[in-house]
Amino acid sequence: MNIINFLVAAVLAGTPLLFGTIGEILHERVGHLNLGVEGMMSIGACSGFMVGYMTDNFWIAMLAAFAGGAFGALIYAVLTVTFMANQNVTGLTLTIFGIGLANFIGFYMLGKSETGTLKLPEQITAQMRGAKIPGLGSIPVLGDLLFSYNPFVYLGIILAIILSIYLFRTKTGLNVRSIGENPAAADAAGIKVTKWKYINMIIGGGICGIGGAYTIMITNGGVWITNCVGGLGWIAVALVIFANWKPVYAIYGSFVFGAFRILKYYVPKSFPIPNAFYDMLPFLVTAVVLVVNSIREKKENAQPESCGVNYFREER
Amino acid sequence: MSSQTGISKTEPLIRTVKRAELSKNRIFLLRIVALVLAIVAGGLFLLCIGYNPFQVYGTIIYGAFRSGMAIQATVKIMIPLLITSLGVALAFKMQFWNIGAEGQIIMGAIFATYFALFHADWPHWLLLAVMFLAGMAGGGLWALLPAVFKVKFNTNETLFTLMLNYIALNLIVFFRDGPWADPQSGGFPKIATFDANAQLNKVFGVQAGWIIGLVLVVVVYIYLRYTKQGYEISVVGISKPTARYAGMNVKKIVLRTMFASGAICGIAGMVQAAGSDATLATGVAGGVGFTAIIVAWLGQLNPVSILVVTALFSILEKGSSVVESSMGLSADCSDVLQGIILFFVLGCEFFIRYRFVTRKKGGANK
């Protein structure tokens with residue numbers, strides 16, 4: 001069944017995007033456009049991989065991936081929230097720094113390894129392999145389509161749903177969203193703007209970090225390569241727009257974009273569309289969505305109002 | 001403010017207030033302190049992984065200048081970075097977040113490449129002039145697109161220009177794999193090497209792009225500082241309503257400036273393709289568009305400072321490649337150091353504009 005293979009592959013290709021996207025949504029919902037997703041994912045990939053390599057423990061590796069991404073977000077938060085530095089410049093720097101740091105440490109560790117390669121031990125990779133859930137997995141078609149993935153996929157979906165409930169069904173979430181729309185009003189209403197900005201951004205960065213770990217642990221089968229994130233962070237920034245800044249839409253969106261990523265391997269060769277077009281598709285679609293939303297001027301389909309502007313409490 | 005309402009009795013322990021403007025010397029001193037702190041922090045990082053920071057820094061500086069060829073290589077790295085930084089500085093001065101320099105470099109290179117591939121028989125100087133103008137047109141038009149949507153529909157320019165980067169990148173791949181594929185490459189995906197007639201001349205052993213870069217430093221400096229259009233850019237950047245009130249046509253200024261910004265980035269693309277690569281490669285921009293944003297910011301959007309920062313970054317990059325070959329440390333250490341430097345300088349900007357006040361001191365002020 002070719003179509004089933006395609007859908008499964010789309011989900012697998014979309015999962016790292018899902019993590020990056022919901023992480024970035026948390027940033028943008030508190031008014032910070034973080035262009036450092038690629039960097040946070042890279043740091044997360046590196047710390048997750050290296051800690052896994054040294055401790056042989058899957059869960060500690062996951063924790064390290066989260067901590068790595070959160071560390072990147074912390075740098076960003078300190079600079080943009082406390083020091084009110086320009087968000088675009090800080091985010092871009094975080095990307096360059098993060099990719100550089102990951103490659104630097106990877107190169108350093110490669111130099112120390114005796115075999116000249118870095119590979120995660122079998123006991124970790126075994127835990128991450130896609131496995132059929134007992135019982136449910138043996139249902140024909142549906143079993144393959146819904147219950148045969150690696151744990152990251154389910155974790156990503158669950159996280160997206162939790163974040164959606166948090167943002168749209170709790171009072172805290174309402175407060176957090178109001179910070180993104182109008183921090184001065186939120187502050188006047190007694191919401192601790194700085195505190196919630198930090199909390200959201202650090203958690204968001206950590207989630208991005210796990211997405212980074214996915215690229216190295218699943219996509220590359222646990223073998224270290226340089227530039228392992230390979231631009232997925234930028235697609236995630238695009239996906240936030242496509243997903244309308246809503247975590248649940250990010251689930252659908254990331255699987256659609258995952259499908260874009262692998263489409264070229266599944267479309268018959270006789271189809272006269274150049275490969276470059278498929279790689280362009282996510283960005284083209286996002287650009288169109290962006291333009292259409294701005295033409296329609298619908299408030300609920302727009303970026304949070306204060307996104308990109310730092311909040312200085314004593315500005316009058 | 002909060003004390004007026006009478007709600008908040010506990011003032012925050014530490015709060016932030018704007019400070020009176022510092023003198024130029026103090027600001028300069030603060031930035032130097034930030035740079036030194038960044039170098040110390042980078043050194044500590046190197047120390048942690050067991051390397052002698054003095055040796056690494058020494059190798060970086062030595063590596064960038066150790067021979068005539070090394071200096072030429074350093075200058076070669078500088079050229080596209082300098083030109084692109086000048087380009088984005090124009091847009092940034094207007095507070096227009098042009099993150100799309102990467103794409104504008106690429107479009108400039110693509111437009112110029114068309115003439116290099118299909119009109120290589122034209123007279124050398126005519127061909128180069130046409131390629132130069134084509135590069136400007138390519139980059140300028142690519143930048144005009146988000147500008148048009150910005151003034152018409154207020155489309156977010158940061159996100160739109162970002163998307164356009166990857167669309168442009170895949171356009172190169174399209175040309176490389178399809179219409180412009182080199183039939184003589186034996187199946188290896190590449191675009192044909194330019195005819196010698198379509199390549200930029202060398203001056204002092206480095207492609208002539210460095211002259212273009214230096215000329216642009218002067219031109220952009222004069223344009224921003226001494227022309228009416230340059231003045232309009234700063235007014236729009238500071239406050240659009242003010243500009244409108246003063247009778248300026250803000251839309252026209254935005255469109256014109258973005259075209260100029262993209263056109264300069266397009267020149268960088270043309271220079272890189274015709275001068276350094278002698279072909280159109282997918283890495284023609286290679287992240288320069290992003291680094292340029294950092295450079296422009298570090299240089300305070302001042303063309304002369306941008307020249308200095310570009311030199312610093314290029315030395316770091318060239319020196320780091322020597323560190324890789326001679327000390328076995330990855331050349332990525334230049335990216336790490338660039339990041340650390342910028343983090344510290346961004347942090348120090350805060351202390352130029354603001355200061356922290358503790359509760360007790362703040363109370364005494366009232």
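Glycine residues also receive a Cβ, built from the backbone N, Cα and C atoms like all the rest.
Fair warning: this is a prediction, and the values are worked out from it, not measured in the lab.
According to TrEMBL, the feature transmembrane segment maps to A:6-26, A:33-52, A:58-79, A:91-110, A:151-168, A:198-217, A:223-242, A:249-267, A:273-292.
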Contact yes or no, the transmembrane segment (A:58-79) and the transmembrane segment (A:249-267), 3+ Cβ pairs under 8 Å, gap 6+: no
Top Cβ-contact partner of the transmembrane segment (A:6-26) among A:151-168, A:198-217, A:223-242 (pairs under 8 Å): A:198-217
Distant-in-sequence neighbours of the transmembrane segment (A:91-110), which means Cβ under 8 A and at least six residues beyond its ends: 33-43, 45-46, 50, 53, 72, 75-76, 116-118, 224-229, 233
Recorded stretch, among A:33-52, A:151-168, A:198-217, A:273-292, maximising Cβ pairs under 8 Å relative to the transmembrane segment (A:223-242): A:33-52
Among the ranges A:33-52, A:151-168, A:273-292, the one whose Cβ pairs under 8 Å to the transmembrane segment (A:198-217) are most numerous: A:33-52
